[in-house]
Structure formats: structure tokens, C-alpha cells
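Features reported for this protein in Swiss-Prot:
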BINDING   R23, R178, R179, R218, S219, A220, D221, N229, H259, L260, Y261  dUMP binding site
ACT_SITE  C198  active site, nucleophile
BINDING   D221, A315  (6R)-5,10-methylene-5,6,7,8-tetrahydrofolate binding site
Amino acid sequence: MLEQPYLDLAQKVLDEGHFKPDRTHTGTYSIFGHQMRFDLSKGFPLLTTKKVPFGLIKSELLWFLRGDTNIRFLLQHKNHIWDEWAFEKWVASPDYHGPDMTDFGHRSQKDPEFAASYREQMAKFDERILTDESFAAKYGDLGLVYGSQWRAWHTSRGDTIDQLGDVIEQIKTHPYSRRLIVSAWNPEDVPTMALPPCHTLFQFYVNDGKLSLQLYQRSADIFLGVPFNIASYALLTHLVAHECGLQVGDFIHTFGDAHLYVNHLDQIKEQLTRTPRQAPTLVLNPDKHDIFDFDMQDIKLLNYDPYPAIKAPVAV
């Protein structure tokens, strides 16, 4: 089945992973250096051994493609993946006068009373982002995140580079180039970024009328993050191939530190007891050609029949 490389990775980390402390103080079992390969001609690699919310993957990727860095677009599509990073800026500002939200990530997981207050303040924040344009402009923007790095990389000359737009043009005009690369890792920006990019660099490859993509991911949360990453970059491969008039080839996923958090071990073991089902099929709007013009309704998934979702805490 198409998702077997993911299940093999999870089992390998359970069997061979080294225990490491980490930034979140949760603890992980990790391996360093691993590669998975998915033949996209055989289906779309959205996991079936647990339900993965494809709508969130679509809206996040469209957000990146637009070069958008403000969570307002995500909230308009009921996507809360990036809320905490903007909320952190808001509660640390002199304009915030609500209850103390210091270290809200850890406290909300350990203190039920605080968690209720946190949810209330986050709901108020989200609503204000959606309804107050000036507030959204000030506190909804995350700055140098993927959309900015892909579509408007800031140079030392003071201008910007549309890396992804340039690479798509290169695929059309020089498909066999070995420079079809987009990078999100800028050492100058890393100290001030909302979250230094986990998926740091990707490269396209054209052969025999097929487009393949390889992603290098420096840090990978196997249970919660990697299923999203697989589907997101598979979708990106499909979209770029669609615009360039190519078929899809492989998505190759290369990892640096691939890890399972200690508080995800029971969940991944449950997932590994499930037999994978047939992969779904991706359908793109044939009347749209420029990937930067795609909307949510232009991307559809057919025959997705997953097992139920498995909940797990996010390490913060």
C-alpha cells in the first residue's frame, strides 16, 4: 500500500530510536537520516490508517502559495494550525490586558482551569483577527514563514525573490536543470522567525515527462506532523506538474531528525495495528492552470476511506 513507507518509518523509530531530550521538554525517540519514496501515479498519499484532515492541508498550502503570512486567511477556512504563534505575539504585547497567558502551551495541558481561560482568550483573539482588519494586520502576521520565504525571499539588496515562481518558470523552459530548488532556511532570519522552518528545502526533477519532488526536512514529528507534510508536498507536486503539463512522478521525503514524542507512543502503536486501505485519488480543476490562482474548491479528493482519527497532544 502507498503509505507503507510511513508505517515502516514509525516502526523503525520504535525499534531503533534513541531517547533524546528536546526543546519542548517532552522527550523523543529519534533516528537521524531516513528517506521515504511515494509513487504518486499510484494514488494520493494521504494516510488511511488514521483520518487526516485534508481541508487543513489544502488551506495551509494555498496560504503558502499566495505568499501570505497572516493567519486571517487560515481562520477564514477554519484552520487553526498557526494560531498559537500569532497569539503568543498578542499576549506579550502592551495592548493585551487579559489574564496572564505566560507559557500558555504547557500550562493549558496541565491545568484544566487555565486551559478553559486559554481557550476563551484564543477564541476572542481569533474572532478579532477575523473581524478587525487593523488588528489582524498588527497581530495576525507571522512575518518570515514559508509563504514569505517561498514567494518573497528578502535579499541583502533590499528586493525580494519569488523562488517558487522562478522555479516553475525554469521547469517550463529548462526542465532538466539541477537548480530547481526552493529554500526556506535563511540563517540570518532563523533567530527571529515564528518557527524556524522544519521543512527546509525542496528540489524538483523532471524525467520522461514526469515531475518528482524531494523534500529535506530537518525535524519531523512523525505522528502528528509528517502525515501533513507528506500530503502537502504531494499536493504541491501535483499542482506544479499540472501547470507545467507534466505527469506526476515520485515524492521523496528525506529526514534529518525524525522522532516520536514520548506522549505519542501509545497512539502510533495503535495506528500500526491497522491495515492500510486503498489510497484516495486527487482531482484538480482542469480549467485552472496557474497554481497561484487555485482555490479550495479547485482541489478535490475522491474515495478517501480512512480509519478514525487518533488524538494526541501537541508538543509545545
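Here the Cβ of each residue, glycine as well, is placed from N, Cα and C on the backbone.
Distribution of Swiss-Prot features across the structure.
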| residue | record | DSSP (3 states) |
| --- | --- | --- |
| R23 | dUMP binding site | coil |
| R179 | dUMP binding site | coil |
| C198 | active site, nucleophile | coil |
| S219 | dUMP binding site | strand |
| H259 | dUMP binding site | strand |
Q. Which ones, of the binding-site residues R23, R179, S219, H259, Y261, have a Cα no more than 10 Å from the Cα of C198 (active site, nucleophile)?
A. S219
Q) Out of R23, R179, H259, which has the highest number of nearby Cβ atoms, where nearby means within 10 Å of its Cβ, if these are the binding-site residues? A) H259
Q | Densest Cβ neighbourhood among C198, S219, D221 (recorded positions), 10 Å radius | A | D221
